[in-house]
Amino acid sequence: MNNMNLNNMNLNNMNLLKEVSEENRLMLLKDYFQTSGLVKHQLETFDHFIFHDIKTIIDDEASIIFNGKRSLSSQIKNGAVEEGYNRKESEKIMLKFENVFVAKPTITNDDTTVRPLYPAEARQKMITYDSFVFVDVLEYVLRDEEEILVNKHLRVQIAKIPIMLRSSTCNLYNCTPQERIELGEGIEDPGGYFIINGNERVLIGQLRNAYNRSICFRNKFSEPLTCDMRSMSEETGHSVLIQLRLNDSPISQKRNLKKLDKNGTIDLIISQTKTPIPISFVFRVLKVATIDKLKFLIGDEEELDKYLIKIVEETSDGGIFDDMEIEISQEDDFNEENEESTEKKKITQFIEQDMFPHLGVSSTHEEKAILLGKMVRKLLLVNETSINANKFAQRANDETNKTNKTNKMYYTQEDRDNYSNKRVETAGVLCFELFRMLYKRFIKSNINQLEKRNRVEMDVISKNAFITTGLHFSFSTGNWGVQKNNYIRTGVAQIPQNKVSFGAFFSYLRRFVIPMGKEGKNTKIRQIHPSSIFFACPSETPEGQFVGITLNFSMLAEVSIRTSSVVIKEIIEASHQAFKHVHEISLEENKQFLSKLSIIFVNGGICGLTSKPQQLLSDVRDLKLKHCLKYDVSAVFIPELKEVHISSDAGRFIRPVLNLQSIKTNGNVMWNSFQNCLENGHVVYKDAYEIEQSQIAINLQDLSRYPTVYDSMEIHASCMLGVMAAQIPFAEHTQSPRLCYQSSMAKQAIGNIPSHHVKSDNTTRVMDYVQRPLVTTQIAEMNRFNDFPNGLNAMVAVAIYTGFNQEDSIILNKASIDRGMFHVVTYKTIIVEERKIGVNEKICMPVASVRRMNNYSLLEDNPESPYFGVVKVKSFVKRNDVLVGKVITKISKDGTRQETDHSTIVSISEEGKVDRIIRTSKKGILMFKIVIAQQKRPEIGDKFCSAMAQKGTVGMILEEVDMPFMEDGSIPDMIINPHCLPSRMTINQIMASIMGKTCCAKNETFGDASPFQESSLEKPQDKIHALCKELEECGYNYNGTETMMCGWNGKKLRAEIFFGPVYYHRLTHMVSDKIFSRASTNQKRHAITRQPLNGRANEGGLRIGEMEKDCMLVHGISKFLHEKMFDQSDKFIINLCVPCKSYFKVVKTQNGFFCSGCNGIDIVKFNCPFAAKLFFQELTAMGQKLEFKVKNA
């Protein structure tokens, strides 16, 4: 019988391994990306804000109440004049908002007609893509505690909210690909961003600590153990920091944890007082003073008795608090009734009313005592674990002594950096918090305005732009918060800078940051935390100061959406049979029964108690399967703390995993439908808290070794990477810094941007001839990154040739460049508009009498043309050519007209061909957008990199006849130095080149180089041998090398050359965009110092600073230094009066110079830099008298 069961078990395991094969899981992954997309976390959270959060904010906020007169339309009720109503008398009026409605974006034409506004037009007109928020205003009269409805004002505008593209409120929602093309949008534009003043803005997620969750930790080894909780109310946003501190003995201050005082006291730390409050006093206020109650709240283990007895003794001592000296901080905010009360009553009021605001206004003493008791229990358990660490370790190693009681008392310190204790605020949550702050001030502003007018007038509300301007300020500046507020976060709304490729924009949309300064010295927070695996990409983070602070979501990572705690509590209460309310528990019941009870927490708030916590977890899973609860609701049981935590708050990291038990039981999985797998329970979402209590297999190798251990499985191991790192071929065959470098450089790789021809960003770079990579990953294919490539497959030879490719230099084939290899076009947009505020500008062809010394021949000179005075399309413009002719007209007091030429001139960085001109208007002001195209051929100094982070700059461009060649005449496109491979250990580039060579030989268009393939996990070296063997079968050398001839003499090269296709990128760092020098004819000077200007924008040169000066002195070229820093800089001649030793009173006359101070003519001249002369004047202005002594005078 046992053998039969074992055989059945083995058979089931084999069937399971067959069911969850890599092929099936990749099929599931493909459907997930097609249905969910990569910006789901942005779109869903914003939709939740629009359809739920705005209504919640308005319902939770107090109504507008003021003394005044009714609106004029409310004087008649039910067709008759209301009895006793006097229109001249003021009444107590209340205005309530309901039926919130957010319209779709619209725009008003010049003839006042309204039509839909689309994103392309918003970009073109440089306006914000936003929509109106309307409410119905109910007007009540408060009389004798009765609310009398006297009027109802429909569709009153209260704000304009920026709308996220492709969200449910966007006009592009549910549009077909063809319709989006007709509306000027790209087919693959994912949305998830905003358009503010014509610029695209992305809200960057903000990582923070979780609210309403206690964390026990020790800051430093010598500091006391603390248990912190930031309690925040869902309704009001009011928060309080509750901190419990275990007072260690003086021995513990010497960093000897094994000798901690076992009778240490516990204090409550709050911001309202600087002096700690004994926990015994807090329990006394909460009417917990007996040992039985404390055992029920904290625990009945013998190890905790000494602490409980001490608390009871202190609680029964009435003078323990009276003898303390309480210092209330200046930030105290108690009401007027308690200002004359004693300090003891103030603390008592805080404990009874303000402590744990997330429990609600109606929370009882019992609920607060339970929550406080659980925090005390956690604190004591961690303390006992620290004291008895060796004993617990010894018991853990001894199988015979491993008892349940030992496990119950073992609880280590918690990690604040653990992702189960973190929340990320995405677009919807950020808008929710900002709108709530603005709405509170909006209500106060309306009350003030209505009281001034002394009447209900809807234009006061509809014309109040407080919310609109506040939202516009935050979105346009990136400073998130209400102006003149202490708490404003910077850099939340950002303009995507690296929009040079398709994948780089997705990376921006999936970014989140830790809001701390880049100069922060905390290195631990920058390190990769084990709990972040499959949530945050371990490779995609910038180098330098922002390392570990700017992060990106992994491929399957999502963010939970808030579900009200009240709804969750009602469902749990109705569905769980062992549920008990707090008030139903009596201490007279069986103590054994009480010891089995576990507290149910919903988002940190107390829901009830249960004697069957495991059954509750099962009930929650069934409710999720029946769609009674959302898929992102999580439930975990912590036996050491006797707590069940059900989480439905927003911002939790969640991801889908395979439910092995469901797959075993049901089978017949539809792997091509992610939604079907989710509905049938084959796929479940888990957050970081649930994952800590789960056994998840990463691949089939883990599952086959321990099939009975794992309850879940990852969909694919490569999903631990982010958008950019997941595109790197064979990412597991290179060192981790290379993945980080490539994730950053791939964002700078110039590619083909969707719909770039209809957008007019400030600078857009597009590669002319892009190619799909021969070797790529499954994730890149599934998300269609290869449909918009950012490089090409170059034939690369790895060899030392001429010496010009040393130190990461690259030799390029000139003939390949002539055929279009790596050609890039840079589009620069110049915006010119007619200014009407303060000046009177007009775009036209300036008359000859007012023109400057510029070229006006390229302008349209037909007055009937709508482009009169604007440069013609397809014209080649260069420096000092006029792009747009503009004239400023001023009328003097005597009536004469004076015209001044104010035309827009081409600068040195804007030379090129006029690609297109867009004529539009913004708020009635004429505007032209001129797009100039610049052709960028590869040249010496330009930067390139492979898809495996082998970067380099062009060191030489060789003629094709000088390049090495093979026997069949094949010539490489580029030559790289072989020393770059062993030093950087980029084995994946060698593998990708071999696979690409095989693909070319077999006429295959796709070589699968996905990381962590099942076939290469057991023995990675077998994968390399298999690639080489396959190449050999195609007729090439096993190791990928080729015999090549020298390009100069045709002789055979001694060494065989590794030769094959490698996917290469051209980066945005180009010499033509950075090189600059100052012309000798440039006479531009600084207005104050009279020194030449430096910098490319000022047409200046490199500034000679202090260090440059020292280097030139070392080289012995002091004459050159004198010439550059004096003769050609700010040379100045000073006339000095020798007797007065000053030059301030020397004046020039017809007969020469004389001193007006002493009437003398003993004047000498000396050379001096004008900056020094300016310094002398500043010293004189500060009251310092300067005297100049002349030698031999």
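Here the Cβ of each residue, glycine as well, is placed from N, Cα and C on the backbone.
Copied from Swiss-Prot, the annotated features are:
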- Asp808: Mg(2+) binding site (BINDING)
- Cys1137, Cys1140, Cys1155, Cys1158: Zn(2+) binding site (BINDING)
- 1137-1158: zinc finger (ZN_FING)
Folded-back contacts onto the zinc finger (1137-1158), same chain, C-beta under 8 angstroms, at least six residues removed: 1164, 1180, 1186-1190, 1193
Rounded Cα distance, in Å, between the residue listed as 'Mg(2+) binding site' and Cys1137 (Zn(2+) binding site) is 62
Given a separation of at least six residues and a C-beta threshold under 8 Å, show me what packs close to Cys1137 (Zn(2+) binding site) in the same chain. Tyr1143, Lys1145, Val1146, Cys1155, Gly1157, Cys1158, Gly1160, Asp1162, Ile1163
For the zinc finger (1137-1158), how many residues does DSSP put in helix, in strand and in coil? 0 helix, 10 strand, 12 coil
Give the residue from the binding-site residues Cys1140, Cys1155, Cys1158 that has the most other Cβ atoms within 10 Å of its Cβ, counting over every protein chain displayed. Cys1155
